[in-house]
Amino acid sequence: MAMADEATTPLLASYKPKPAKAPSIDDAIETYIGATGAGQLFKAIILAFTWAFDAQQVFISVFTDAEPHWHCTAGADPSCSLAVAEASPCALPPGAWAWDRPAETSVVSEWALKCAGPALVSLPASSFFAGCLAGGFLLTTLADSLLGRKKMLLVSLASMSVAGVLTAFSPNVWAYAALRFVCGFGRSMVGTCALVLSTELVGKRWRDTVSVAGFACFTVGFLSLPALAYAFREASWRNMYLWTSLPSLCYAILLYFLVQESPRWLLVRGRKHDAIETVRQIAALNGGGGITCSFSMLHACATEREDATGAGGDGVFATLQSMLERRWALRRLAAIMTASFGVGMVYYGMPLNVGNLGSNLYLSVTYNALAEFPSSILSWLLMGRINRRSSVIALTAVAGLCSLACVVIPEGTGERMAAEVFSFFATCTAFNIILMYSIELFPTSVRNSAVGMVRQALVLGGVAAPMLVALGRERSFWSFGVFGLAVGCLGLFAACLPETRGRSMSDTMEEEEHKEASAAAAAAVTAATSDMDSNADLV
């Protein structure tokens, strides 16, 4: 009887369909804010303007720490003419020479650092980059864990601005270097948080555009420096810090009221209600009908994240631990950081090195800053049409060759200036692509930490640059030569990275591992098919 009942039981009655897979965060966000409106795009671009203040603090020492020109005084000892030829007044007696401009126009002349040696002259700039490194290591995971993108950005921007204001009141070079360290510590997360937050607040279609907008704003900030320096050419260097830091502090207050937190980060951290409210605000700003819908997709993916383990992790350094425990993530991070180190050495070193070109300082810095505009456009074109990996390798090779050319081209010639600008142009483009590349290489749960580590590798190159620039004043190989070898050789490490062009952004490490496994399986199938075709041709 039991057998009869079993036989008459419909086969479909025992079938249990698999539960539908919850949508990914990327799919859910795209559903509601993918059609980014003008209002939200405007907010994202305003957020990208953070990069302008970032650029000012990075390159301000090109002018405040510049080595000013000097001349022999009337009735000076005949040996002064020989010192002029050697560009060193250190052996001259007091009163035999004088600065061309007031001593307070530069820290070098105000605190008599001309003859103190390259280590002391480069100390403030190196301290700034050392602060960037320390802040990047200690703060980079906070934007992924405790504080989030928006709070971390505001804290970093405010601390950078306050330190900049205090720098204007430095009594000596030691206090100056210490405050530059604090400024760099605060600045370490400004660009990273602005880049990640701006790209996570818009749909996929506008990510590259918003990223390039940030790079363009960086150029605007860079270009403002020679204009400010020329306006204050006869005034104290302290004015430069006041006129860059006070507007930055006001801008931080504006961002507090203007910008929302990343809904992607909120969902990954399990803050479902905050994420839905943020998406609701964005949808309302875009003018769509999202404000009346149920946000069921967000509820579904948020529920799945709450049940999942390792999505965001607990603890300040959980995101770094999550990357270090996975071989594929560690390999990606090591490769892109190595390439970034070489790029950072040239990117931060070339503007500091323009004084060694033998040309006008204001025009040289302006040419370097103007080179960033076409590099931003080229970055946008390359990201949309060409593979990321090959772009980085080609651009770093070109930058290295042009930098090496500066070693053999005579000083003060137009050809040397052109080679330097073209090397900086290629490096800027590689810099932009590396940052956008790193956003695509790592999932939302660790993205800010990964991008922060990449930026620290860039800054680490900047730490070595001031000393090389100081040594390059005696022999150009130590600046242009080392720059060229570093960026050209280390850029080859990008060949170890996977290509991400056209891929969607992952939310968790597990999702990225699944994509990695699928890509490896597809590559194995393709290789096996090729071998079979080759054997068939031989037969």
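Numbering starts at 1 and runs along the chain as it is shown here.
Every residue gets a Cβ built from N, Cα and C, even glycine.
According to TrEMBL, the domain 'Major facilitator superfamily (MFS) profile' annotation covers 40-502.
Taking Cβ pairs closer than 8 Å, the transmembrane segment (119-140) reaches residues 57-58, 61, 65, 67, 107-108, 113, 152, 156, 173, 176-178, 180-189, 192, 320, 348, 352, 448-449, 452-453, 455-456, 459-460, 462-463, 465-467, 469-470 in its own chain, all 6 or more past its ends. Taken from TrEMBL, the feature transmembrane segment applies to 119-140 (among others).
Residues 50, 53, 57, 135, 139, 142-143, 176, 179-180, 182-183, 185-190, 193-194, 197, 238-239, 241-242, 244-246, 248-249, 251-252, 255-256, 448 of the same chain lie 6+ residues outside the transmembrane segment (152-169) yet bring a C-beta within less than 8 angstroms of a C-beta in it. The transmembrane segment annotation in TrEMBL covers 152-169 (among others).
For 209-228 (among others), the entry in TrEMBL reads transmembrane segment. Beyond the transmembrane segment (209-228), the same-chain residues lying 6 or more positions past its ends with a Cβ under 8 Å from any Cβ of the stretch are 41, 44-45, 48-56, 59-60, 62-63, 191, 194-195, 198-199, 202, 239-240, 243-244, 351, 362-363, 365-366, 368-370, 372-373, 375-377, 379-380, 383, 428, 432, 435-436, 439.
According to TrEMBL, the feature transmembrane segment maps to 240-259 (among others).
For the transmembrane segment (333-350), the residues of the chain that approach it from at least six positions outside its boundaries are 58, 129, 323, 368, 392, 396, 399, 403, 420, 423-424, 427-428, 430-431, 434, 437-438, 441-442, 450, 453-462, 464-466, 468-469, 479, 482-484, 486-494, 496-497, judged by C-beta separation under 8 angstroms. TrEMBL lists 333-350 (among others) with the feature transmembrane segment.
Per TrEMBL, the feature transmembrane segment maps to 362-383 (among others).
Sequence annotations record features per position, and here TrEMBL assigns transmembrane segment to 390-410 (among others). Taking Cβ pairs closer than 8 Å, the transmembrane segment (390-410) reaches residues 339, 342-343, 346, 350, 382, 416, 419-420, 422-424, 426-427, 429-430, 433-434, 437, 476-477, 480-481, 483-492, 494-495 in its own chain, all 6 or more past its ends.
Residues 195-196, 199, 207-208, 211-212, 215, 323, 329, 332-333, 336, 339-340, 343-344, 346-347, 350-351, 368, 371-372, 374-376, 378-379, 382-383, 388-389, 391-392, 395-396, 398-400, 402-403, 405-406, 450-451, 454-455, 458, 483-484, 487, 491, 497-498, 500, 503, 505, 512 of the same chain lie 6 or more positions beyond the ends of the transmembrane segment (422-442) yet place their CB under 8 Å from a CB of it. The transmembrane segment annotation in TrEMBL covers 422-442 (among others).
Residues or ranges marked as transmembrane segment by TrEMBL: 454-471 (among others). Tertiary neighbourhood of the transmembrane segment (454-471): same-chain residues 58, 118-119, 121-122, 125-126, 129-130, 132-133, 136-137, 140, 188, 191-192, 333, 336-338, 340-349, 352-353, 355-356, 431, 434-435, 438, 478-479, 482-483, 486, selected by CB-CB distance under 8 Å and a gap of 6+ residues from either end.
Among the features that TrEMBL reports, transmembrane segment is placed at 477-497 (among others).
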- Using a Cβ cut-off of under 8 Å, list the residues of the same chain at least 6 residues beyond the transmembrane segment (240-259) that approach it. 43, 46-47, 49-50, 53, 56-57, 60, 63-64, 150, 153-154, 157-158, 160-165, 167-168, 197, 201, 224-225, 228-229, 232
